[in-house]
């Protein structure tokens, strides 16, 4: 099954549930009408929250850059000895 | 399991596509040999006709390390990443294929952890991820981090891929698995990496992750402009309807 079909099935199921709520009036209709707006807003909040949390906990590795510089110097020395051209131009 | 015994038979073909990497190719070859000492492997350099003499350096490296360990398989001009992998794979003699960038943003010191993870789990694909504990990125500004996180959240929400880092390209594949998925991938650039892993996930291949760090040395080289973002969104839509 294509992934878009899965997502559409989910959307249809949620819409069906909503229409069901409208029909049966378990909760006041005025509230039910607003549910899709709440849904979209909470989806947006979820996205923003995930991006925010991800940004705050973004893993960085400044020490790796230093280690890499050491590795580069070591590699250049070795390759120079072996007669490999490692000039940067 | 007879992990030790199996290790004897496995051979790893490391495919490194290059374009104007005359300095980096020597460094990466040295580091691969340093970190993979008791492993059977070969390095396949697919050079797309670099004008800076990358191929001359590779020939010098062949003199040092042996022509059976470093294979130079050049192409006449820039022909794209996907076909570079296919081209390299044609000459690969290993039962596993590793794909990594030549610009040293992928450090060869992580290769043993890829191999160990594969032996432990029997995975079809081991993919490097920057977004877990032990992983990380260096050299990105706030804007780059923001787009990266946004793109990731969007893809995770829409595609449910089961992998935390979709656009990374440091990966180990069983050779037949890579042959199988690469033949149905058509995207380019970042989206190509994402398409490969999403298709593999949909086909039910066993995917494992290991943490890697990503050091962006040429500051701003991986800056994402508006056109890249549009390409990314198109790629996302394409994957939604085709996988």
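Placed from the backbone N, Cα and C atoms, the Cβ positions cover glycine too.
Within the same chain, residues 33, 35-36, 39 sit at least 6 positions outside the transmembrane segment (A:7-27) and bring their C-beta atoms closer than 8 Å to a C-beta of that stretch. For A:7-27 (among others), the entry in TrEMBL reads transmembrane segment.
The transmembrane segment feature in TrEMBL is assigned to A:33-58 (among others). Here the transmembrane segment (A:33-58) has long-range neighbours at 14, 18, 21-22, meaning same-chain residues at least 6 beyond its ends whose C-beta is under 8 angstroms from one of its own.
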